[in-house]
Amino acid sequence: MCFHLLDNRYHQACGKPFQSTSILGNTSCYECLQEAKVDSLSALPRKTLDSIADFVKVLKKAKKVVVIAGAGISVSCGIPDFRSKDGIYAMARNMDVVLPEPECLFQIDYFRDDPAPFFEVVRNAFANSPKPSPTHWFLKLLQDKKKLLRVYTQNIDGLEEAAGVTRCIPCHGSFAYSACMRCKKRVPTSTLMPVIQAGIIPSCSEPNCRGVLKPEITFFGEILDDKVSTMITKDRLQADLLLVMGTSLKVAPVMEIPGYLPSHIPQVVINKTALKKKKLKSKKLSTGGTMSRVSGKRGGKKDEDEEEEFDMSLLGDCDDIIRYICAQAGWDLDPNAIEAAKNKPLMHSSQVISHQDSTGKQIYCFGECQCKNKLAAGMNDDDDEEEEQKQQEEEIEEDIVCNRCERQIDTEAQPGSGCKTVHYRCDDCFDYDLCGDCYPKRRYKHKGGRHRFTQCL
């Protein structure tokens, strides 16, 4: 019998009746039913993708595609990504500012202390008015074909919206509006660009305020919009295909979405470099309510047992790959996508190089071999290992912030009572943590008391 039940009829916390049609029998409450759905879906046979033709068949058959999009889909629009040699972090290294590491550009504490480096990057990175890429138009095509369940974009440029994609969750906020950090007044960011381009930090126009106007994007250490957690918790039971496009999956909690989905769902990477996904234990997320960069295990090397391969990796320029896949599927992209391709010739089958990783999963490189960028397990040479170790050393550790009081929880301190070290993670939400102080007050108010929490030290 489910331990959530007060008796054979009602849920202990919320008093709702049990689900009589539950696959667990007639003694299951709603929470156990949801968990059982995920477990039963994960037990379904998994599609084997042995070729691009197999992937195209799955794509054409799919009705509920989930997409995780990153900066790589906007590079061709003139917006730099984060980690390439010409990306935003490289730009930060060349700036005449003192930062412990480039990622501090997007740390909320550093922004509060000195917003000048951030706005200097904005001045250089968003100087033009970008237009959607062929990859953005592909997302619109999936939506028009009634195939798109949701796009979870880590981008702040708003190009998905510009392409007409409405089924989109901007996980890290949007650059479209800025808000005063003191009085919260909102203004369109476009009206601030002349000031930013002049090298001036934008400030509030309200009398006696003069607070800094910060774009409504989520910095490291800030709490994500509840919509991200709400929608992915719902979408994971409906999705039938996952596409990971133009992202290195370095930012939590978005990096954990692939491991959060039931294991029967085919998962395909379309990216410049090969990736691995984080394996989650019992489908519970390891970070709570806050955007953060994660470097695997603290104080040591990543545990390979905590990672697993994607079903297929298509490596190269996202736009080239998307145009090739659409041609194979017999789909016509929007004329705007053809214009955005700037008369670049369509990739030919002879330009696609096939590999297998150490687990037998297929890797396809478009145009030239991309495996040298970051190879899958068993394919790295010594130089690659040194570079990967260097990247891990540069990464900052994860931040966990209480979703109620928004105070940071110090997970490195000695365990003790109070907010600073103890926190409680919701077992049922995608990303929700409460500190030791807030937990007793909020545990029965969160989701009507229907969700369970696990204590973490």
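Yeah, the Cβs are placed from backbone N, Cα and C, and that goes for glycine too.
A TrEMBL annotation is a machine prediction, not a hand-curated record.
If you check TrEMBL, you get these features:
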- H172: active site, proton acceptor (ACT_SITE)
- C180, C183, C204, C209: Zn(2+) binding site (BINDING)
- 45-332: domain 'Deacetylase sirtuin-type' (DOMAIN)
- 283-308: region 'Disordered' (REGION)
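Between the binding-site residues C183, C204, C209, C204 has the most other Cβ atoms inside 10 Å of its own Cβ, all protein chains included.
Within the model, the domain 'Deacetylase sirtuin-type' (45-332) carries an average pLDDT of 85. A gap of 18 Å separates the Cα atoms of C180 (Zn(2+) binding site) and the residue listed as 'active site, proton acceptor'. Other than the site residues C180, C183, C204, C209, same-chain residues with C-beta atoms no more than 8 angstroms from the centre of those residues' C-beta atoms, the Zn(2+) site, are M181, R182, K184, K185, S203, S205, E206, R210, G211, L213. H172 (active site, proton acceptor) is surrounded by 22 other CB atoms, counting those within 10 A of its CB over all protein chains shown. Counting in whole angstrom, the residue listed as 'active site, proton acceptor' lies 26 from C209 (Zn(2+) binding site) by their C-alpha atoms. For C180 (Zn(2+) binding site), the number of other Cβ atoms no farther than 10 Å from its own Cβ, over all displayed protein chains, is 20.
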